[in-house]
């Protein structure tokens, strides 16, 4: 990752910045539609640890395990190549002007737009961080097992209201999850041999077919919103109401 000083007002000195990022997101999306969700998640996982300063991009060293290699991010976090490609193009035309942190923020916004979601203005001026600690990901990011009170407190610690928490949770309308993040709801809920009673039984049977009990395959994944996994819509909220959410942290809403 590039660590660079940031020049204010880069829109004047690098007018193609947002266009270039959008172009790289578009190319990545056409190769793999799942990358849009990955980039939104990357932005969230970056901002919730040390703020939106791109520390999630920093590589681990022999003496330090960085955020990107924490259990919360590895191997599930993806889309790094989109950020790298955009950064390389920007460095070629306006060296030292656009921070990685702003690129990550642009890419998340562009990913929402390309999946038919509403666009929004992204203010610029973020500076890239230099510190990245895997342990901080585990203490700052909400795990899929949290209940509503735990989630509310965690988001409040970051300055978000409960309503804003619910809005941000809607990002789960796109993307996928590893079976390991919710299989406890299918086979061993709260130490019992049964499934989570708050999970729709028919949906639970469908999930069991995709995530067999006792599977040792760490790469098994399931889409978050089966009806429209690559479209930013209200499908997530409909699933919550219908008891068809993957995570406890979603169903608890």
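Backbone N, Cα and C define each Cβ position, glycine as well.
Features as listed in TrEMBL:
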ACT_SITE  45  active site, proton acceptor
BINDING   172  heme b binding site
BINDING   173, 233  Ca(2+) 2 binding site
DISULFID  14-94  disulfide bond
DISULFID  47-52  disulfide bond
DISULFID  179-211  disulfide bond
DOMAIN    6-253  domain 'Plant heme peroxidase family profile'
SITE      41  site 'Transition state stabilizer'
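TrEMBL feature annotations superimposed on the structure.
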residue	record	contacts (Cβ under 8 Å, 6+ apart)
14	disulfide bond	90, 93, 94, 97, 98
41	site 'Transition state stabilizer'	77, 171, 175
45	active site, proton acceptor	56, 67, 72, 73, 77, 137, 141
52	disulfide bond	43, 46, 101, 104, 105, 126
172	heme b binding site	224, 225, 236, 245, 246, 247, 250
173	Ca(2+) 2 binding site	224, 225, 228, 231, 232, 233, 234, 235, 236, 237
179	disulfide bond	210, 211, 215, 220, 221, 222
- disulfide-bonded residues compared (47, 94, 211) - the one with the fewest other Cβ atoms within 10 Å: 94
- Query: How many neighbouring Cβ atoms, not counting its own, are there within 10 Å of the Cβ of residue 233 (Ca(2+) 2 binding site)?
  - Reply: 16
